[in-house]
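*Asks:* Before I ask anything, here is the structure I am working with.
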Amino acid sequence: MLWIQPACLLSLIFSAHIAAVSIKHLLNGSDHDTDVGEQKDIFEINLAAGLNLFQGDILLPRTRNAMRDPSSRWKLPIPYILADNLELNAKGAILHAFEMFRLKSCVDFKPYEGESSYIIFQKLSGCWSMIGDQQVGQNISIGEGCDFKATIEHEILHALGFFHEQSRTDRDDYVNIWWDQIITDYEHNFNTYDDNTITDLNTPYDYESLMHYGPFSFNKNESIPTITTKIPEFNTIIGQLPDFSAIDLIRLNRMYNCTATHTLLDHCDFEKTNVCGMIQGTRDDADWAHGDSSQPEQVDHTLVGQCKGAGYFMFFNTSLGARGEAALLESRILYPKRKQQCLQFFYKMTGSPADRFEVWVRRDDNAGKVRQLAKIQTFQGDSDHNWKIAHVTLNEEKKFRYVFLGTKGDPGNSSGGIYLDDITLTETPCPAGVWTIRNISQILENTVKGDKLVSPRFYNSEGYGVGVTLYPNGRITSNSGFLGLTFHLYSGDNDAILEWPVENRQAIMTILDQEADTRNRMSLTLMFTTSKNQTSSAINGSVIWDRPSKVGVYDKDCDCFRSLDWGWGQAISHQLLKRRNFLKGDSLIIFVDFKDLTHLNRTEVPASARSTMPRGLLLQGQESPALGESSRKAMLEESLPSSLGQRHPSRQKRSVENTGPMEDHNWPQYFRDPCDPNPCQNEGTCVNVKGMASCRCVSGHAFFYAGERCQAMHVHGSLLGLLIGCIAGLIFLTFVTFSTTNGKLRQ
């Protein structure tokens, strides 16, 4: 089939819901939910712990710098150990942070297997790390209050070689430092360093960087900032830590000289004419069209019609032709490394309710051809003509294509069709629940502190009923201009056979940044882990996570019981919501998951005796003269300072030499993927075949690669024959010409 102009796609969700808004108002004395407080700044945590580290959270070696010294850059993947003294929630948050690195960058991690260089994550005092690979075992401390995904990403970036953003030599062009407002003896944290010490990797100053100080870092007066931005609009942006910025990722990939991610299989926003290599079906009745946002009723999801000459999507017109006519749109051939994928996309159906939108896969037939079709999910038309998000779980282990099939249900009663935009295929699980809240701007404007919206019930993979509560203007905090988010359990169909109280489950709530490219999303993720210690006097000291029909309250909206809530009354600022793409299309999207972490209770493995903590650590702003003009007295530590150890002096301080045994090391299977790192040479694709790495080699028109690791280059036989023929012909022609010339000379 020929391309015309396109719009396309559809989806499946484990559990999805678009909110019919019902706002509940807080009555005096009726609020018994638990607020865990706001996320504390890293430096606030470290100050409370009595730590005075270099730049607030760095143990700095005297002699090397990973931004300039290639030997301090890690060999990927990076080995790690999760110490048993870590909180269970911290372990889950660390693994979640690893997945963000795998999804958005070329950096990867692997469980420790005796390597000389590795990272051990421990619960020591405060949140801190070292800069770069120290060529020995080294700590990252995830202490009390540090177990947030973004905080962990921040400390890992230090370990990968990054300093704070405002340490750049050109920072005074972009921010103001109010020296008189800085706590005495902490001024060193605001020093800048020249290009001989750190490098910006040829990138611009980044207010949104995960590595930027907040406006109130190390301040004397809690209401007066120590750092403000030259562009006032960024004063409320710096220091907010939702996720990596786009420039953070550019620097990370430049530092490690690689660009490919590990778990992103495909992405398409249809902004380019080649529509990401997708192809039309050849045996169907019609084609998908590559549409744009030139018409008011045809607005894309990527740019929501805000850019003239841009904003494309795929579209299948269901208002013309005959009932039952269909059009296929297929992806390029994809090679998975893991056994599970999540296909996420945005779609809308504006035609007849009888229209159908289906997701299929075309699989390897075991003879090398991708041809066997299997239906995965069907979507039916409805009266909601807004863009919707969809998630479809795939379980492909061999090469495959995903396929979108649109079918006309009743052209005579259709005035539109099926739209598709912003496709993302990752090798990660789909969320258990997806809650879309429409008209969010009106909700933010018309609600007050304490007003709340309660999500419908979702089910996780174990069968627990879960949900979230949204506080559009916060819950009970004194600060205004914030959105709150909490988690609760619902009674459900499976309660009779489930474990109660439910413990060791990590509740994960994500407010989605709807940026088209998942690598550039700065979504906010909050998580905590259930415990039998989480009780409430409102239920006579019972565990909050006991069976909801026993300790919860009846909710007529779901005809079920709902537990007390646990979460954050001040989760994210309205300014950040409006600055990014959290409110695209005037909709707020929230993901919810509930994952069992019991297998992570015992994760520690003994480290090699040869691996020791590096000597020569600088603390308290005591960097050497080579590191800054305003440096102070240096202190050389011969071992990990006692102030950084455990809070409980009666307990033996852990080091990388005292890690103890590990029992039931039940890591997810994908951590042992033989294709991580890719063993294939010459841009070959690695495929996991029954636990063994199998290389799919690149083939061109003239040359192809072969061998177990695609290490040998060959010339195609047809081209080789042609070359031999050409050479033989050239020799013959030369001989004839020479003979003819000699004959003429003799005459």
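Placement of Cβ uses the backbone N, Cα and C atoms for every residue, glycine included.
Quick paste of what Swiss-Prot says about this protein:
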type     : residues         : note
CARBOHYD : N28              : N-linked glycosylation site
TOPO_DOM : 65-713           : topological domain 'Extracellular'
CARBOHYD : N139             : N-linked glycosylation site
BINDING  : H154, H158, H164 : Zn(2+) binding site
CARBOHYD : N221             : N-linked glycosylation site
CARBOHYD : N257             : N-linked glycosylation site
CARBOHYD : N317             : N-linked glycosylation site
CARBOHYD : N413             : N-linked glycosylation site
DOMAIN   : 433-594          : domain 'MATH'
CARBOHYD : N439             : N-linked glycosylation site
CARBOHYD : N533             : N-linked glycosylation site
CARBOHYD : N540             : N-linked glycosylation site
REGION   : 638-663          : region 'Disordered'
DOMAIN   : 671-711          : domain 'EGF-like'
TRANSMEM : 714-741          : transmembrane segment
TOPO_DOM : 742-747          : topological domain 'Cytoplasmic'
*Asks:* Looking at the glycosylation sites N317, N439, N540, which has the shortest Cα distance to H164 (Zn(2+) binding site)?
*Replies:* N439
*Asks:* Determine which residues of this chain, when H154, H158, H164 are set aside, have a Cβ within 8 Å of the centroid of the Zn(2+) site's Cβ atoms, and list them as they appear in the sequence.
*Replies:* I42, Q55, D57, I58, S129, E155, L157, F162, F163, L210, M211
*Asks:* Counting distance between Cα atoms, which of the glycosylation sites N257, N317, N540 is nearest N439 (N-linked glycosylation site)?
*Replies:* N317
*Asks:* Round to the nearest Å and give the CA-to-CA distance linking H154 (Zn(2+) binding site) with N317 (N-linked glycosylation site).
*Replies:* 47
*Asks:* Any idea what the Cα distance is from N413 (N-linked glycosylation site) over to N540 (N-linked glycosylation site), rounded to a whole Å?
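*Replies:* With the alpha carbons as reference points, the distance is 59 Å.
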*Asks:* CA-CA, which of the recorded positions H158, N257, N317, N533, N540 lies nearest N139 (N-linked glycosylation site)?
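*Replies:* Checked the recorded positions H158, N257, N317, N533, N540; minimum Cα distance to N139 (N-linked glycosylation site) goes to H158.
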*Asks:* In angstrom units, rounded to an integer, how far apart are the Cα atoms of H158 (Zn(2+) binding site) and N257 (N-linked glycosylation site)?
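*Replies:* Here the two Cα atoms are 17 Å apart.
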*Asks:* I want to verify one value. Collapsing DSSP to three states, which class is N139 (N-linked glycosylation site)?
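*Replies:* N139 (N-linked glycosylation site) sits in a strand per DSSP.
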*Asks:* Take the Cβ of N533 (N-linked glycosylation site) and count every other Cβ within 10 Å, whichever protein chain it belongs to.
*Replies:* 8
*Asks:* State the three-class DSSP label for N317 (N-linked glycosylation site), counting H, G and I as helix, E and B as strand, and everything else as coil.
*Replies:* strand
*Asks:* List which of the glycosylation sites N257, N317, N533, N540 have their Cα within 10 Å of the Cα of N221 (N-linked glycosylation site), in sequence order.
*Replies:* none
*Asks:* If you count the other Cβ atoms within 10 Å of each Cβ, which of the glycosylation sites N257, N439, N540 comes out on top?
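*Replies:* Its Cβ has the most other Cβ atoms within 10 Å: N439.
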*Asks:* Around the Cβ of N317 (N-linked glycosylation site), how many other Cβ atoms lie within 10 Å? Please give the count over every shown protein chain.
*Replies:* 22
*Asks:* Using DSSP and three states only, what is N413 (N-linked glycosylation site)?
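*Replies:* Once the DSSP labels are grouped into three classes, N413 (N-linked glycosylation site) ends up as helix.
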*Asks:* Where does N540 (N-linked glycosylation site) sit in DSSP terms: helix, strand, or coil?
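*Replies:* In three-state terms, N540 (N-linked glycosylation site) counts as coil.
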